[in-house]
Structures are given as C-alpha cells and as structure tokens.
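Everything below concerns the one structure shown next.
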Amino acid sequence: MLSRLSEWFWNERLWFPGGLGWADLEDHDGITYSKPADLWVTLPIALAFLIIRQIFERTVAIRMAGALGVKEKIRVRAEHNPTLESFFRTTNKNPKQSEIESLGKKTGYSERQIHRWFRRRRNQERPNQMKKFKEASWRFTFYLLAFIAGLAALIDKPWFYEMKEMWTGFPMLELLPSQFWYYMIELGFYMSLLFSVASDVKRKDFKEQIVHHVATILLISFSWCVNYIRAGTLIMLVHDASDYLLESAKMFNYAGWRKACNYIFIVFAVVFMITRLVIFPFWILHCTWVYPVTIYPPFFGYYFFNGLLFVLQCLHIFWAVLILRMAVKFLPGNNIVEDERSDREETDSEDDEKELEGRKAPVKNGPVQNGHPPLNNNHHRKTE
C-alpha cells in the first residue's frame, strides 16, 4: 500500500512536463540540482531557530526593549473566586447581562464587581507588551537579514531583471550554494513559526496566519522539488521586502514611539502595496502562469504551484484591507496606529462605561422633568 502511494506521489507526470523527469535532475559534470531529499535539512534548521529564538528573546530582545524604553503596564489580578473562575473557563469569558445577574446571586457580588472581575481576568490571559515586543524584534531581525541576504544572492542574476529568464533551460537549472542556503533557511524559519504558533500572540487573523504558513511551506518545498528555484527565490524576496518594516513599526509602537511607528508604517504600507499587489500578481504570478505554457504544456505541478500562489495573493488582499483600516488612524485626531489584528487590553473606565450602557433601556414614553422629557445626551453630543 505504501509503495503504491509512494509510486503515485512521485509519478513524473505529476511533477514534470511531458518528456521530462527525475533523471533530468541527476548531478553530472560538477553541476548540482535540487533534490527532494535535501528538504530533510530544514528540520534541524527549524529546531535551531526555535532554540536561537529563545536565546535571542531573553538577551538581545530584552536589551533592545530597554534601549527603546518599553514599559510594562501593571495589571491588577482578579481576586480568587471559584464560581466566577469556573464560569470563565467552561462557559463564557464575556457573560451576558442575564448571566451576570445569575452570577451575582451566587457570589453576592454587584454587577460592577462582576464586570470588573471578568475584565481583569480577561486581561490576565492577554500577552503583555514585553512578549509582543520580543516576538516582533525576533521577526524583524530575521526578515531584515533574510531580505539583505536574498538581495545579495539575486542582484547579479539575469532573472532578477528579466523574469522570463527564470525558465531558461528549465528544468535543468543549476543549483547555486547561495540558492541552497537561502531556500533551506527560509523554509526552516517558516517551519519554526508554524511550530511556535500555539505559544505566540494570537491575533484576529490567527487562521489566516496558519493558512499562510502552510501555503508558504508547501510552496517553497514544491518549488524546490521541481526545480522552480529561480521563481521561488524571487517570491521569497518580494515577501521579505515589507515584512521587516511592519515588525519594526510594531516594535516602536510597543515602546510608545508613536511618530516613529506612524512614519515607518507609512513606508511599510507603500512597500506592501507595491510588492504584494503590483509586483507579485502582475510580474511574478503573470510570469509563472502565462509564460510557461508557451514553453511546455500545462501539467499537475504547474496548476498546483500557481494555485498556491493564488492562495497567497488572496491573503495579500485580506491583509491589504487591514492595512487600509489602520491607515485611517492617520486622519486628523488619530495619532496612534494599532495592529488591527491585536486583542486590545481593557481598562476600568471602558468596563464602567459598558456597564452603564447596559443599564440604559430605551423608553418610548420615559420620565419627565418639570413636565418636559430629559435631554438625549447622545444626540446632544453629536450636535456640539
């Protein structure tokens, strides 16, 4: 059964155009080609990244945080209450009004006390500023170094300037040492991100991040196996071009450097739109989708590779919408740029406001004062 599955999986008709196969990628005369077995190297690399990250966050990231003045907010812990704790863990972290009333009868707490207890308990589960900063500084460091290394590896290659050159001689494309390490390190890093996603800060686009990591790993691995390495290196470079800018903006945001964060975010938004919504779809994706069919007939690998690229492009559009939402904060009166994906910490004042709003009930014929209905405060604010 396993032998049949392996034979089907490695069938040359799935991976190569007609008339080409694995024999064409055998090393000869000092020329080396990419091989599926090389991908095993990424497992120890991913493990090494996990270890290096722990060391980095506990040493370099802490010093960077100190230099930028990252300050951690002091959180008031929710007092121990078995009834509320059990409800929080098993039923609902954001109880409804009816549930609050029921919990009040069981515990003897007032509604305000219960609102405050749940707010403080939710805040306890949110990651602190230091954790966010350390994660951002780790990704910033890798993406910056990866972009510099990728640019150095591609700056003198003809397919960097004329993308059609990425298919010249396909699939017999010689593997260069710089390409080998660029691929292995990038793939190992994304595998380490996938391994650590459960312990990292969870954001609103958590599912999209999982899809992105899986699609990226499959894309890099597949392009390596069928020797799409020239296209793969260009795709990785395009993605690294804006990622380090976003992470640096987050770092300054967590440190309270609002103006620096906003200026860097502007640069990031421009680079992101150019690389992900212009260069990627209209140059790279066009060259992998349209040009190859002029050289060889379409095959399964061709559709699979471009299908993964389309998945990435859909994610680019999704994130572009989030970026535009954050860009609205640059309008007059908005001087703070927050990550739209983040779960913002609640404060006592917000909690009290919600409680007061919950107590207000709309009345058609409400009470009167001296024969006149009271003013609608909300309407009054809008007209001021």
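In case you wondered, yes, glycine gets a Cβ from its N, Cα and C as well.
Summarising the annotation, TrEMBL assigns transmembrane segment to 39-56 (among others).
The domain 'Homeobox' annotation in TrEMBL covers 67-128.
Annotated DNA-binding region per TrEMBL: 69-129, in sequence order.
Per-residue confidence over the domain 'TLC' (131-332) averages 86 (mean pLDDT, predicted model). If you look up TrEMBL, you'll see 131-332 marked as domain 'TLC'.
The transmembrane segment annotation in TrEMBL covers 140-160 (among others).
What TrEMBL records for 180-198 (among others) is transmembrane segment.
TrEMBL lists 260-283 (among others) with the feature transmembrane segment.
The transmembrane segment annotation in TrEMBL covers 303-324 (among others).
The region 'Disordered' annotation in TrEMBL covers 340-384.
TrEMBL lists 345-355 with the feature compositional bias 'Acidic residues'.
Counted with DSSP, the DNA-binding region (69-129) comes out as 36 helix, 0 strand, 25 coil. Same-chain residues lying 6+ beyond the ends of the transmembrane segment (39-56) with a Cβ under 8 Å from its Cβ atoms: 137-138, 141, 184-185, 187-189, 191-192, 195-196, 221, 224-225.
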